[in-house]
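Quick look at what Swiss-Prot annotates:
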| type | residues | note |
| --- | --- | --- |
| TOPO_DOM | 1-14 | topological domain 'Mitochondrial intermembrane' |
| TRANSMEM | 15-45 | transmembrane segment |
| TOPO_DOM | 46-59 | topological domain 'Mitochondrial matrix' |
| TRANSMEM | 60-87 | transmembrane segment |
| TOPO_DOM | 88-227 | topological domain 'Mitochondrial intermembrane' |
| BINDING | His161, Cys196, Cys200, Met207 | Cu cation A1 binding site |
| BINDING | Cys196, Glu198, Cys200, His204 | Cu cation A2 binding site |
| BINDING | Glu198 | Mg(2+) binding site |
Amino acid sequence: MAYPMQLGFQDATSPIMEELLHFHDHTLMIVFLISSLVLYIISLMLTTKLTHTSTMDAQEVETVWTILPAVILIMIALPSLRILYMMDEINNPSLTVKTMGHQWYWSYEYTDYEDLSFDSYMIPTSELKPGELRLLEVDNRVVLPMEMTIRVLVSSEDVLHSWAVPSLGLKTDAIPGRLNQTTLMSSRPGLYYGQCSEICGSNHSFMPIVLELVPLKHFEKWSASML
């Protein structure tokens, strides 16, 4: 989860988020090198007389500044496309969870079970217990098995919402009349917090998401107790 004054990303807990962090570092290095080169050229122009105001044609230079940006864009596009295909590919999910956005709460349905569904509301600040987080705790957590591929179907009952859990690299729009899907797999157990990431009305800030990733045996006990 995020902490006050945090400047970087949350710790990655899924393969997709790890890939996104690597891509961020890769792209940031390219941006840093380009910015350094531009600042160096500007400083040379301001501090030396190495300027060519009368030059009308320089095919070599034009060739360089045409080919070099194209190469840089390819270096950014290829890993980006790879991650996009990884995020869209869902092969043989072990579990499917349907998520519906409402004003202003989430409802969940485990479609592999006959009657396992519930609503998830934010716990008001006045009812929080010591150690719980303001605006992030819910009355019903989404319990899921770790180290298993899980398909999440996302839609909405009313307006646009967005189901997002940053540490898992998840952000899927909830659109009325449309069913979007994403996949998640956690590499370790724990509580993972998220929030609605699409402005959806006056209580948009009060739609937290809490995923509780547990070993498979614990998930089976929980699901049996909910049926």
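For all residues, glycine too, the Cβ spot is worked out from N, Cα and C.
On a predicted model such as this, the values are computed, not experimentally measured, just so you know.
Other residues of the chain with a Cβ within 8 Å of the Cβ centroid of His161, Cys196, Cys200, Met207, the Cu cation A1 site, are Gly101, Gln103, Trp104, Trp106, Ser162, Ala174, Gln195, Ser197, Glu198, Gly201, His204. The binding-site residues considered are His161, His204; of these, His204 has the fewest other C-beta atoms within 10 angstroms of its C-beta. The Cu cation A2 site is defined by Cys196, Glu198, Cys200, His204, and by the 8 Å test on Cβ atoms against their centroid, the other residues of the chain that qualify are Gly101, Trp104, Val159, Leu160, His161, Ser162, Ser197, Ile199, Gly201, Met207. On a Cα basis, His204 (Cu cation A2 binding site) lies 7 Å away from Cys196 (Cu cation A1 binding site). Here the CA atom of Glu198 (Cu cation A2 binding site) lies 5 Å from the CA atom of His161 (Cu cation A1 binding site). Under DSSP, His204 (Cu cation A2 binding site) is assigned to a helix (H, G or I) in the three-state scheme. Cα of Glu198 (Cu cation A2 binding site) to Cα of Met207 (Cu cation A1 binding site): a span of 10 Å. Outside the topological domain 'Mitochondrial intermembrane' (1-14), and at least 6 residues removed from its termini, the chain residues within Cβ reach (under 8 Å) are 20-21, 24, 133, 136, 166-169, 184-188, 190-193, 213.
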